[in-house]
Amino acid sequence: MQRSPLEKASVISKLFFSWTRPILRKGYRQRLELSDIYQIPSADSADNLSEKLEREWDRELASKKNPKLINALRRCFFWRFTFYGIILYLGEVTKAVQPLLLGRIIASYDPDNKVERSIAIYLAVGLCLLFVVRTLLLHPAIFGLHHIGMQMRIAMFSLIYKKTLKLSSRVLDKISIGQLVSLLSNNLNKFDEGLALAHFVWIAPLQVTLLMGLLWDLLQASAFSGLGVLIILACFQAGFGRMMMKYRDQRAGKINERLVITSEMIENIQSVKAYCWEEALEKMIENFRQSELRLTRKAAYVRYFNSSAFFFSGFFVVFLSVLPYALIKGIILRKIFTTISFCIVLRMAVTRQFPWAVQTWYDSLGAINKIQDFLQKQEYKSLEYNLTTTDVVMETVTAFWEERFGELFEKAKQNNNNRKISNVDNSLFFSNFSLLGTPVLKDINFKIERGQLLAVAGSTGAGKTSLLMMIMGELEPSEGKIKHSGRISFCSQFSWIMPGTIKENIIFGVCYDEYRYRSVIKACQLVEDISKFAEKDNTVLGEGGITLSGGQRARISLARAVYKDADLYLLDSPFGYLDVLTEKEIFESCVCKLMANKTRILVTSKMEHLKKADKILILHEGSSYFYGTFSELQNLRPDFSSKLMGYDSFDQFSAERRNSIITETLRRFSLEGDAAHSWNETKKQSFKQTGEFGEKRKNSILNPINSLRRISITQKTPLPMNGIDEDSGETLERRLSLVPDCEQGEGILPRSNLINTGPTLQRGRRQSVLNLMTHSSGNQGQNIHRRTTAFTRKMSLAPQANLVEMDIYSRRLSQDSGLEISEEINEEDLKECFLDDVESIPAVTTWNTYLRYITVHKRLIFVLIWCFVVFLIEVAASLVLLCLLSKVSPEDKGNTTKSANDSSAVIITSTSSFYFLYIYVGVADTFLALGLFRGLPLVHTLITVSKILHHKMLHSVLQAPMSTLNTLKAGGILNRFSKDIAILDDLLPLTIFDFIQLLLIVIGAVAVVSILKPYIFLATVPVIVAFVLLRAYFLHTSQQLKQLESEARSPIFTHLVTSLKGLWTLRAFGRQPYFEALFHKALNLHTANWFLYLSTLRWFQMRIEMIFVIFFIAVTFISILTTGEGEGTVGIILTLAMNIMSTLQWAVNSSIDVDSLMRSVSRVFKFVDIPTEENKPTKSIKLPKDGQLSKVMIIENQHVKKDDIWPSGGQMTVKDLTAKYIDGGNAILENISFSISPGQRVGLLGRTGSGKSTLLSAFLRLLNTKGEIQIDGVSWDSITLQEWRKAFGVIPQKVFIFSGTFRKNLDPYGQWSDQEIWKVADEVGLRSVIEQFPGKLDFVLVDGGYVLSHGHKQLMCLARSVLSKAKILLLDEPSAHLDPITYQIIRRTLKQAFADCTVILCEHRIEAMLECQRFLVIEENKVRQYDSIQRLLSEKSLFRQAISPSDRVKLFPHQNSGKHKSRSKITALKEETEEEVQDTRL
């Protein structure tokens, strides 16, 4: 980043913002890069501002019982805020004085007042000087206030982030990620946007008092009639505002519903295509869109009339102010023109400035109170550790995630009674529901010595992770004692990858040691994976490691934990995503050898791990079921396997599991109603974290945090994002960032939002932060590439071949300090940081975009013609009236008037007061009627255009190939449907209308003035040219700066979400200061862009004012020097001159706004033009032997079942299959060829990242593929894409549950009857689950079905496959993180419901793979082996290495029996006995 010219700029350069000229010049000539942005002033750095505010806040906390954040802010910023307020007031005072001088100039041309003619020149000079002073006062004051607002936002951003890292886990469970993002964006944005208006809360009343005094002097008591009109108008606008709020509140719910489904569709687009649900979801989203648009139109009409009322209120104010005076004393020209000028200023103060100021203070104080409440929440308390101890001891420890569970039950029950919910199933309330808080851990005792391995096992929800959290201090024990040294390293169950390189993720701020680092990556089996990357371990991992496989992410997380030199290592199920062979090698080489001298606590369910552990702790429902050695376990608890793993009846699961379902159901159904939203909560302890539920608790989706294939943050945000205050009465309209404020104008010149809303609505609707941390398999992140400082690398004296056998921790480094990041972020890092965020959109919207937008709907062209014709009528009427009245002799003085309202601003003279009044009323009423209704058709049609574009974009995305969608960010796609569509719905119609109206007003006024004084036309032309050239010059740079600012905004929220997901890891490693410094870097980067944008904007506004001053000087002196007698002509010219230039300035700003908003249209068009999947057959169709074409071809998404349909057997032949993720990319699979017999079961084998899941996607034609696949003799090139995919039943690795009823999730097209659905639900074990909920099949699942466990969701996918009647079933890791109960149900269903189907299984559990007849071994993207299980075991193969001797002994009887009996059917597989289950897995 370059050094800012501001540091060496002179006072004059700072006053006129001339120091921004270099960046403006460069932006006009070429495309700006992040390296072109200037460094921020040191006073604006996040470190300095946060330290200053934190010091004052700490002082406030220490000195008072009720600390106030506003007091801390006052001590930091009050004096500068007051200074700029006084400057702003002086600038506004000049506006009140200008009409007085204008009146004196007009009066000097009165034939009866020739004495003052000599001082007209001096009065004109004074009037021009007032404009100069006003320009020099207002712009620095406004910029200074914006600057202070920016500094306040930065300081509070940092304070909130630091507080977030300190919050206790219990508090984090009560706060959703959407609330935190809302706190940082919607609330803090108010300081940036509104601080410049805050002073008008006292300036406006003073200005009104001054103006009314001057009007009293001018018109006496009749002046108050005009004020009364303004007050009535303000009340009228307030009524309109309430109507808009009403429609917005209703509309917000519709937007939320649409965006929930849209975000779920985008996040699970691969599953949508696999299920062939494109049409069903498109219809569902369009239905929500229709309801939304009805309310959008109503809100737009109200806003339009509200805006029109302001435009045309000038007529009423002037008319009613002058009418009483004119009827009594006649009309005086000087007083007419002076009154007009006074009323313009008065109208702005009463109807705009003061209401805006009040709203600003209301919003700002509300935001400060929310932040204040957040800053006082309970913090994480570090436990006191004994650094000299070497043992880990727990003595009768009991802990609660959340106490008083029964209170939630009683409250929900009372709410249900009050609401008289009749469809609540009484069986939902189990008799054994505890009225006391349920401990997550109770009476836990154990002791492990240094160097021992403790294996922790237990069923799902037994409290294994909670045990680790308690050791780390995240969960405070209510009873008992915990003793250890406090030097902990932690590996989470769900791998967490921070933005940065592979090496940075592993060393994680710890001092670098080459020997230790190489040992760790070798022990964690990362050497081969790292070697495949071009940049090796310097490869930047973005999106939480989205470019890595799940196994690679898990191994990097494990390597991070192992690399740190600690006394205690907590490993929470680190092998969940690893294949059997890799898991075995890592456990032996890393856990058992490399860490042999370290104390380890490993959460596992593998029998092999238990056998090698020094001690075993088995948990059951939070209690210690067993503690001791493995031999003691076998002797004392011979039934531990079946007892803990739940191989008894599925319907008789524990009361604790049932209570989990109840609690979540009550939370969703009773307390939060339709607004309750949450993410998938798959851990039992998350059900216990209920928190304090307010009846009006609203939740949100992340906006706009950009992501590559997963959604942040950002932005999905189906619900309005409120602050942390649960009981906030803030309206939905104010909270929902997707719905732009009618007056704020998101994305246009004066304002800026700090989050891509809508989406913005990035993810986390009501999921607590705690659940976010425990379900972070889809971590988000930006490609922030940070350079690390050089560290001293110690040379290893040991042979490299024996690295893993050395004790890598015996040579402790001199320091374990965090990684230094004190150097500046260099240009290369900045480019890489935003590589994925840069949009390929021109700096200025092209004419082609405007032309295409106009032609989207043919009616729009006719509407534009209508608007132009109406305007011509107005201008023609003004000119005709002017010509008629110009014949009236000016001798009839004393009766002068104004003939048009503010829209035409034409002033005429008449011969009598009554004649004047008739003309004035008649013409103004005509213009008023035309003006009020000429814009309605335009607004209506533009909303229709938005509807058409949304439909086209939705269809394009749903029909786009995955190869294209893989290159797009999910957050970017969601922003198109949220933020950009909101702009097309709300801002663009009225902004376009305002621009057209203002432009036509200027043209009309110039035409009128040119007729009166042709000389002025000569001055007008160069001024208009100057405006156009200045606009073009500024626009090139401003739009690029705006885009860079938007790109720099994303890392702030991405870093917040990333930090929250890895918060337990951060605390365990003590890296909070490191991440605070990174957060400040992201803030400083955004500040550099935003500060430069504000400065260049003020440069542009000031130049516009300067051109206006020059023009007004020219017009003033031309009119004075060339006009003889006649005060009317001078009044017309000077008044119109002021009106032309203020209107032209407004029109130029509106044109910039339109160009900025049209960028959203460009982005939408970009998605509309996405290529679609090739759905038509590319070959002639091969008819079946019976010659019936209907058996091969059916219409897509046919809702009528057909019994006799292809495929019939499930035979599958693959020939030379090659697959790529994107066009032109590397081949992921090469020359795959094999065949599968009907009803056969095939297992896919290979290391993590070898391409097993990719092969399943290739079967579904979700990738770019070459080669051929045939099913029952029918090639995939001879039938439609939809029909091909319908041949497969799919259970994906990532479960997809969209927001809707159970029935819709199982049967979105409505093909099956309730009896058939219940039958299938019974087969897969879902019936007992569905019957627990009110409404049963009609119960609405939200937020990915958070009330269901992960196993229940897998059963939903299984039920879909059964209903689809598919002959080929694809299963991708169906048992990953699956509880044993559900796993056994899936195995049973596969053997029964799919007995005659072909099954292709990708699985890491050995017992599931043993049931396959053949195995396909994939290695290095190619098929290495494809053979029977006997052949694979008889030779050296990957499968043989993965199978333990005990498994082989069990397997050979199956093989022997297979020689005598056909095993082509799954039902022929031998059922495993309970003993076999016990020996295989916990």
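Note that Cβ sites are derived from N, Cα and C of the backbone, with glycine treated the same way.
According to Swiss-Prot, the protein carries these features:
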TOPO_DOM  1-77  topological domain 'Cytoplasmic'
TOPO_DOM  99-122  topological domain 'Extracellular'
TOPO_DOM  147-195  topological domain 'Cytoplasmic'
TOPO_DOM  217-222  topological domain 'Extracellular'
TOPO_DOM  244-298  topological domain 'Cytoplasmic'
TOPO_DOM  320-339  topological domain 'Extracellular'
TOPO_DOM  359-859  topological domain 'Cytoplasmic'
DOMAIN    423-646  domain 'ABC transporter 1'
MOD_RES   THR717  phosphothreonine
DOMAIN    860-1156  domain 'ABC transmembrane type-1 2'
TOPO_DOM  881-919  topological domain 'Extracellular'
CARBOHYD  ASN895  N-linked glycosylation site
CARBOHYD  ASN901  N-linked glycosylation site
TOPO_DOM  941-991  topological domain 'Cytoplasmic'
TOPO_DOM  1036-1096  topological domain 'Cytoplasmic'
TOPO_DOM  1118-1131  topological domain 'Extracellular'
TOPO_DOM  1153-1482  topological domain 'Cytoplasmic'
DOMAIN    1212-1445  domain 'ABC transporter 2'
BINDING   TYR1221, GLY1246, ARG1247, THR1248, GLY1249, SER1250, GLY1251, LYS1252, SER1253  ATP 2 binding site
REGION    1388-1482  region 'Interaction with GORASP2'
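Feature map: annotations from Swiss-Prot on the structure.
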| residue | record | DSSP (3 states) |
| --- | --- | --- |
| TYR1221 | ATP 2 binding site | coil |
| ARG1247 | ATP 2 binding site | coil |
| SER1253 | ATP 2 binding site | helix |
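Below 8 angstroms of C-beta separation, residues 103, 321-325, 335, 338-339, 342 of the same chain, each at least six residues beyond the ends of the topological domain 'Extracellular' (217-222), sit close to that stretch. Here the Cβ of TYR1221 (ATP 2 binding site) has 17 other Cβ atoms within 10 Å, regardless of which shown protein chain they belong to. If you draw a 10 Å sphere around the CB of GLY1251 (ATP 2 binding site), it holds 24 other CB atoms from the protein chains shown. Other Cβ atoms within 10 Å of the Cβ of SER1253 (ATP 2 binding site), summed over all protein chains shown, number 21.
DSSP places the residues of the topological domain 'Cytoplasmic' (147-195) in helix, strand and coil in these numbers: 44 helix, 2 strand, 3 coil. Cβ neighbours of GLY1249 (ATP 2 binding site) (same chain, under 8 Å, six or more residues apart in sequence): ASP529, LEU548, SER549, GLY551, GLN552.
DSSP assignment over the topological domain 'Extracellular' (217-222) gives 6 helix, 0 strand, 0 coil.
For the topological domain 'Cytoplasmic' (1036-1096), residue counts in helix, strand and coil come to 58 helix, 0 strand, 3 coil, using DSSP. Across the topological domain 'Cytoplasmic' (1-77), the DSSP tally of helix, strand and coil residues reads 55 helix, 2 strand, 20 coil. The predicted model assigns the topological domain 'Cytoplasmic' (1-77) a mean pLDDT of 90. Here the topological domain 'Cytoplasmic' (941-991) has, by DSSP, the following mix of helix, strand and coil residues: 45 helix, 0 strand, 6 coil. The topological domain 'Cytoplasmic' (244-298): residue composition by secondary structure is 52 helix, 0 strand, 3 coil, according to DSSP. Taking the Cβ of ARG1247 (ATP 2 binding site) as centre and 10 Å as the limit, one finds 21 other Cβ atoms among all the protein chains shown.
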